[in-house]
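Straight from Swiss-Prot, the features:
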type	residues	note
MOD_RES	2	N-acetylserine
DOMAIN	2-143	domain 'Globin'
BINDING	60	O2 binding site
BINDING	89	heme b binding site
């Protein structure tokens, strides 16, 4: 699903508003994913504490949202811009690509909770399309 110029503008505009709280969004989204989708915990079994708000969850939430911010800056070429990250997840971490969509869903939920006034249906749709394209780009090396 391609992103229109309007979609790209909506994603960039929302990112400008939420990026100061990106670390908190990432930690909350990851904590929710690990709770609501416990099968995702298998990728983080080496962490001592997988509970929401724990140090490792906060730290990785920051990493995740840093990658999302990077993706926003590479919105015109997600496949090329995220090739190294796709390779890491496919060959080293061996993450099932279905989990990218699960995490994206949780990020969208948290954005909607924290920024309801900045997240009308039109922006939600653009952000959802962006995350679909992001998940597809991260899945590129699995083929």
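Including glycine, each Cβ sits where the backbone N, Cα and C put it.
Given the structure is predicted, the values throughout are model-derived calculations rather than measurements.
If you take every residue in the domain 'Globin' (2-143) and average the pLDDT, you get 94. Taking the Cα atom of each, residue 2 (N-acetylserine) and the residue listed as 'heme b binding site' are about 23 angstrom apart. Here the C-alpha separation of the residue listed as 'heme b binding site' and the residue listed as 'O2 binding site' works out to 14 Å. Residues within less than 8 Å, Cβ to Cβ, of residue 60 (O2 binding site) and separated from it by at least 6 positions along the same chain comprise 26, 30, 44. Using a 10 Å radius centred on the Cβ of the residue listed as 'heme b binding site' and all shown protein chains, the other Cβ atoms total 21.
DSSP classifies the residue listed as 'N-acetylserine' as coil under the three-state reduction.
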